[in-house]
Amino acid sequence: MPVVEVDPDELRSLAAIEDKSDDELKDDLFALGLEFEGESDDGDFELEFAPDRLDRLSVEGIARSLRYQYGHDRGIDVPKTNDAEWTITVDESVPEARPYVTGAVVRGLDLDDTQLDSLIQLQEKLHATMGRNRAKGAIGVHDLTMLKGGGARSDGKPSKSITYRGVDPDGDRFVPLDDDAERTPAEVLDAHPTGETYGHLVDGLDRFPAIYDDIGLFSFPPVINGSRTEVDTGTRDLFIELTGTDQWTIDRMLAIICYALSARGGRIESVAVDYGDRTLTRPDLSTTTKTVSHDRIETTLGVDLAGTDVVDLLERSGLDAEADTEGELTYEVEIPAYRVDVLHPADIVDDVGRAFGFNELEPQYPDVSTVGGRHDRSRLEDAVRNTLVGLGFEDLLNFYMTSETELFDRMSLSPDDNAVGAREPPTITEPYSEDYTVVRTWALPSLLMVLENNTHRAYPQDLAEIGLVAGVDESKPTNVAEHRSVAGVVARTDASYEDAKARLQAIGSAFGVDIKTPPTDHPSFIDGRTAAVVIDGEPAGVIGELHPRVLVEHDLEVPVAGFEFRLDALAD
């Protein structure tokens, strides 16, 4: 999980808790889901946290949560946004692979080294998490005073404008960060360490994403910014731009940054994003609304709460809430833009629980006393396994994943053939390996693969397995039906149908079931040496001597007899 470094003194100052000791602060942070991992060489706290709360990737976000926890703040405080003075114009030449952009201006900052480090850390942590290592969203932070914009928007309104467009890889030059030479974008990918790291994100594009002002190219997203607009401790006004593959993602990343800089006293100024056919005003700091029922909150947490208490707890979580008492008691909950983790009413219930204090919840024994025990199926499985071992079989546990070649081709079957009552195998959409493309529909092919891999060992080899098999069944909620299958093989120079049947009948006797073996045909077995397994009048499997074609496919030089049947056929 992500680890964030936080200056404890900075955290105390922002959260207005200067009197808190380190131990008290660590306990309060743990209550927020932030676990203390240690201290850096500079004395900063290293905090690990669940990656759902991305607004806590910076000291400003953590301090905000502590202020709510201590009651210093309540409800939602949306930073004021001044009217747009700048426009990002999106040109038609922008690569289709990265078509979206957003931005904001932040003025009046007074960044020292600690604050600048916090901003850089927030940028990089957002890249690593929500931005999917810059693939889904990348952030550029620039010194606004170094930009020169001009022109007007497509709607005719005057504006200082920069342009997001495509650039030829060997086209315009700029000086990238941490460099002193002008380079084309292609040269950046070849010669700059950051270009080598993130070059794969634009690999194969005819035109690379680029951002221009009136002076020229100053940003090559998602790879690197130009040195002309580099931010340092003397910078007071920032221009923030984000590009990506999804508008919602980069807008939410921008909201998290704007809230963090607003906590530093920054004044947010909107930016118009001109797509030609539409113009967006960003940042989008508007709230969203979700509804949660009072009954759901009480049932999930196991506590009785008054409606006013729930509203109070939600406001202490940084949310706004209004109770609706008409009919079932529900709450209309407003969620700030930086809370990208609130996707479902369950997330709101979690906030109520944390504000209430999970340590305050009192465990209670259930009204109905129950005694745990093993499932009957598990008991049966163990009993059959012990019986197989007693009959001389070696117990195996094979992979449930296999390939259609192993299931069908090497067993002399076509996909339409019936292998022990199996249905069509469940297939893997994007298999990691061609050896594991389907879930097995019967277990005998797995045992033959083991025999194939052990031809160098002495015979006899008597192997058995009780394992899961599956088939497509559209009547099931998952479209897949699973059951446990019992399979065994006898491999030796004198292996025969009679050897396998004797073991099968011994299993039937041990469990008090009537097993009959009427003759049948099966492509995997020798004609006339194959039978169906019928248990208490119900077809359950197959038994026989494996066909020479199957033995040759598996490089086996001794006869093999085998059987397979459904485990649940032995149940009472």
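Cβ coordinates are placed from backbone N, Cα and C, and glycine is handled just like the others.
Features of the protein shown, as given by Swiss-Prot:
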BINDING   D341, D347, D350, D351  Mg(2+) binding site
DOMAIN    285-363  domain 'B5'
Original post:
Taking the center of the Cβ atoms of D341, D347, D350, D351 at the recorded Mg(2+) site, which other residues in this chain have a Cβ no more than 8 Å from that point?
Top reply: D52, R339, V342, A346, I348, V349
**OP:** Measure the Cβ-based neighbour count of D347 (Mg(2+) binding site), defined as the other Cβ atoms within 10 Å of its Cβ.
**Re:** 16
Original post:
Far apart in sequence but close in space: which same-chain residues, 6 or more away, have a Cβ under 8 Å from D351 (Mg(2+) binding site)?
Top reply: L313, L314, S317, L319, V342
**OP:** Count the residues of the domain 'B5' (285-363) that DSSP assigns to helix (H, G, I), to strand (E, B) and to coil, and report the three numbers in that order.
**Re:** 32 helix, 17 strand, 30 coil
Subject >> D350 (Mg(2+) binding site) CB neighbourhood, other CB atoms within 10 A >> reply: 19
Original post:
Are there residues of the same chain, six or more positions away from D341 (Mg(2+) binding site), whose CB falls under 8 angstroms from its CB, and which are they?
Top reply: D52, R53, L54, D347
